[in-house]
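**Student:** Next up is a structure, given as structure tokens.
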Amino acid sequence: MAAGALRGLPVAGGGESSESEDDGWEIGYLDRTSQKLKGLLPIEEKKEKFKKAMTIGDVSLVQELLDSGISVDSTFQYGWTPLMYAASVANAELVRVLLDRGANASFEKDKQTILITACSAHGSEEQILKCVELLLSRNADPNVACRRLMTPIMYAARDGHTQVVALLVAHGAEVNTQDENGYTALTWAARQGHKNIVLKLLELGANKMLQTKDGKMPSEIAKRNKHHEIFNLLSFTLNPLEGKLQQLTKEDTICKILTTDSDREKDHIFSSYTAFGDLEVFLHGIGLEHMTDLLKERDITLRHLLTMREDEFTKNGITSKDQQKILAALKELQVEEIQFGELSEEIKLEISGDEFLNFLLKLNKQCGHLITAVQNIITELPVNSQKITLEWASPRNFTSVCEELVNNAEDLSEEVCKLKDLIQKLQNERENDPTHIQLREEVSTWNSRILKRTAITVCGFGFLLFICKLTFQRK
């Protein structure tokens, strides 16, 4: 093998590497004057030229060398074929040429398939999608796993390639296959924070309840990696599109998943909201839709369900397993309360700086949750009263409560402003006290920021409630 071989060819997906340090791929400038093959060249020289042409992506020279007798499935010291290398750099044009010349799309090296290599390639999703589509058109199996039991769809989900994921499923890829650690494609997408892929996988029938080997569901994996929006999506709400494409033919699925469907999803979300009552929406969201008829027969409303005691659950025929789901969902909806009663009298009189800062942080966090809740309600409420099909009481009752909320928010804003002024006064006195040792400026600045954020959050919450009030009055 030539001495100028490339070291460090792109490693196979999943972190698998070859024991050989010399893969046989040579990188360097290819002299264009040597590209025209005059007569027969020694086979080793042809191979070297072939490797150079592959490295720089010279399609015309690759074709010329293949015409001169180089095998399209020739392997080099690393063990990769030309097609595998072309797939690893997402060179769709080279992949097409090699496949047209008869390259084996199902080749694998140490459980590393060409399709896996393409799905984990470094390149644009457009080029990766083209490569994957070409390989699938030549009957590459989308369910063959690597040594770590990861399938192509897992690599595509991990790397954030939504269209590739959908295309693989359309060609028969199993959505709920698990790797050696129990990860599914959905788990990988949740771990990496790819919201669009999470939604697409749910639409394609992914099971969000499958656990990893250490007992974690995708929602918990998302939470552990601080992807809170995905955590909320997977842990509480049920995607209205879940499993929608499972029963379609391959042709219909390919047509649907490769077209823009934003308008369709908006229409679906709206119709889902208005077609069910609040009780049905809640039960469907926590996977208890089978209880709908039972609760309706007993005239149990959502408000009644959420305030039931344990004996009432049993009396109405709700099993302990279903009770746990309802209570868990209710717990998710509750805002954490600050227990002042747990503080000793001494701390109440002379609270420490850390405890006071913790109090402000909790207060700010709760205000943020309240603002988000009001924003979600404003977004979800239909603008036309004729489209409301839920069981609603008189809107006057809602307006009255909103007025009380606005008043309370205004009172809270006023009290926080008083608190801020008091703390500012204390801070000024401490700074002017010659006997006081100054704290680091950074700490002072941080505390000031917390106070400002708290005040702004409270004022913002009051403003949102005011808007909510106006909305109800208009309706």
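Backbone N, Cα and C define each Cβ position, glycine as well.
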**Student:** For the feature region 'Disordered' as recorded in Swiss-Prot, pick the matching range from 1-25, 101-125, 376-400.
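**Tutor:** So the range that Swiss-Prot calls region 'Disordered' is 1-25.
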**Student:** In the repeat 'ANK 4' (148-177), how many residues does DSSP call helix, how many strand, and how many coil?
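**Tutor:** Taking each residue of the repeat 'ANK 4' (148-177) in turn, the totals are 17 helix, 0 strand, 13 coil.
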**Student:** Given the model, what does the mean pLDDT over the repeat 'ANK 2' (78-107) come out as?
**Tutor:** 86
